[in-house]
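Single-structure report; data block below.
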Amino acid sequence: MVKPSKTAGKAKGGKNVKKQLKVKGGIASRYTTRNQALNRLQLKLADFRRLCILKGIHPREPKKKFKGQHKTYYHVKDINFLAHEPLLEKFRDLRSYERKIKRARAKKAYHAVDRLEEKKPKYGLDHLVKERYPTFLDALRDLDDPLTLAHLFAVLPADKRHGIPAEVLLESRKLSLEFQSYVTKVHALRKVFISVKGIYYQAVIHGQEITWLTPHALAQTLPEDVDYRVMLTFLDFYTSMLGFVNYKLYFDQGLRYPPVLDTRLEDAAGGIVAVIHDLADRMETDKEQGYAGGAKKKSAQAKLTESRLATLGDKLAQIGDGEVDEEAEAEAALRAERSDGEDDEEVEEEDELERAISLSAGGDPTAREDAKLCATLFKGMVFFIQRECPRDMMVFIIRSFGGEVCWEGEGSPYDESDGGVTHHVCDRPMEGKMLAQREYVVPQWVCDCANWRILIPCADYKPGIVPPPHLSPFVSKDDEGYTPDYQATLEKLQMQAKAAREGRSLADVSGDAGARMLTAEEEAEEEEREYARDLQREAKGIPYSRALQEGRDHTADSEEEEDDDEEEGSEE
């Protein structure tokens with residue numbers, strides 16, 4: 001056996017030479033594969049995927065895939081972040097508990113299986129919501145996907161084969177109705193578009209635009225090529241997030257959370273009507289008035305007509321008798337008190353509307369004006385919804401824009417025969433059944449009016465005829481470079497409505513719009529001319545600093561000439 005030499009590791013001069021260890025940096029030290037992450041965290045693939053979804057961690061794409069092209073890579077810092085998550089222990093406990101249940105089921109000890117299912121460990125996601133969204137505005141900015149997924153599962157059927165429990169669907173439906181009720185209460189809805197995929201909504205809350213998609217009210221089928229476990233994991237986090245958001249929204253508005261749910265109306269498929277919410281100090285008053293029970297009541301217009309007729313009859317009786325008795329005076333005083341109470345209710349409604357506008361629009365005057373216009377667009381109108389129309393959608397839109405809604409069936413606040421009904425929303429021809437004092441329109445009229453902030457004439461939206469094209473409010477004509485003919489008609493109606501609100505002539509409003517368009521064109525032409533002048537200076541070899549100074553001098557000279565012209569005009 002050859003012994004190592006004593007002079008090994010020494011140079012010619014007899015000095016020790018230390019080996020230089022190369023520090024591996026770069027891609028290999030910053031990324032890791034999924035299998036390496038699973039071995040480090042001691043998790044199964046399903047638990048690892050669930051943990052990544054809950055924590056908001058996604059795979060990365062390194063520039064150089066050092067372990068192969070068909071591997072999934074994660075950042076090392078993300079895996080270190082997962083290693084300190086408290087949910088790891090919960091997942092391990094759940095895995096061991098699942099093994100106990102499996103053994104008990106194999107032994108046919110069904111009592112033990114039921115006992116273990118009842119004592120199964122549970123985990124909360126509240127700390128993850130606070131961790132991923134430090135502020136409330138951060139949560140509002142990321143609310144599009146949670147609302148879309150919650151509204152999707154709210155209409156899906158419970159299916160044991162796909163692992164969709166009924167409790168999750170009920171929770172999704174409850175949270176969706178609570179959010180819609182808040183949007184209705186504060187009149188925050190801004191845009192509606194009916195498409196083949198579903199119904200797109202957009203609301204403005206605390207200055208943030210929130211857009212979500214809801215499915216049509218049809219029977220939903222469950223496709224087989226969808227991984228519902230992944231969607232349920234997302235929904236698990238989204239329900240916790242929506243619970244926080246709904247509570248904060250209701251608390252800021254001074255509303256009671258959770259809102260009162262009328263179980264009788266919910267059993268009768270009342271939808272959003274079953275969610276009754278109001279200020280905390282007015283909940284008992286509403287119950288006493290019968291609103292929570294869904295009792296029939298008359299519209300404000302019908303009440304006003306009856307009160308006027310009653311007053312007119314009393315006055316005629318007093319004139320015929322020639323004297324006023326004490327009972328008539330008492331009734332008159334009672335009516336005066338009722339009118340004072342109605343005035344107080346109107347003042348309270350105005351204060352509530354102003355508070356809702358300030359919460360949704362903030363201090364922007366343009367946004368406040370638009371919010372006030374949206375909240376009062378259908379004010380004083382009562383819509384009757386025919387049974388073939390989507391009631392939940394119509395109630396949500398009409399109530400959000402200040403109108404009242406009634407329908408045929410249980411829970412309707414007004415009767416169909418109420419004289420105060422102004423619009424009848426139907427999707428089928430009603431020949432021989434139309435009343436002269438009502439307008440008969442299709443549901444598209446409600447959406448178009450809400451999108452354009454005007455009351456469009458109802459002649460083109462009558463049931464039985466082809467309605468005008470349903471234009472999307474999410475598409476800008478400036479981006480597309482094309483203006484449909486019907487959009488030009490609606491813009492003209494908008495200018496007429498604006499002129500009527502401001503008490504100005506249509507020519508003045510059109511002149512302001514034309515002046516704004518002319519100014520934009522002049523700015524574009526001026527930019528082109530300035531660009532041409534810059535090219536000429538560059539060709540002549542004039543430095544940029546000198547050209548800039550010449551431009552300033554030219555501007556100053558032009559301003560002095562304008563001042564001189566103004567002085568001469570004033571002297572004349």
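Numbers run from 1 along the shown chain.
Any Cβ shown, glycine's included, is placed from N, Cα and C.
These features come from TrEMBL:
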- 376-461: domain 'BRCT' (DOMAIN)
- 499-572: region 'Disordered' (REGION)
- 520-529: compositional bias 'Acidic residues' (COMPBIAS)
- 530-540: compositional bias 'Basic and acidic residues' (COMPBIAS)
- 558-572: compositional bias 'Acidic residues' (COMPBIAS)
- Query: DSSP says what for the compositional bias 'Basic and acidic residues' (530-540): how many helix, strand, coil residues?
  - Reply: 11 helix, 0 strand, 0 coil
- Query: What is the number of residues in the domain 'BRCT' (376-461) that are helix, strand and coil, as DSSP sees it?
  - Reply: 24 helix, 14 strand, 48 coil
- Kindly state the mean pLDDT of the domain 'BRCT' (376-461) in the predicted structure. 88
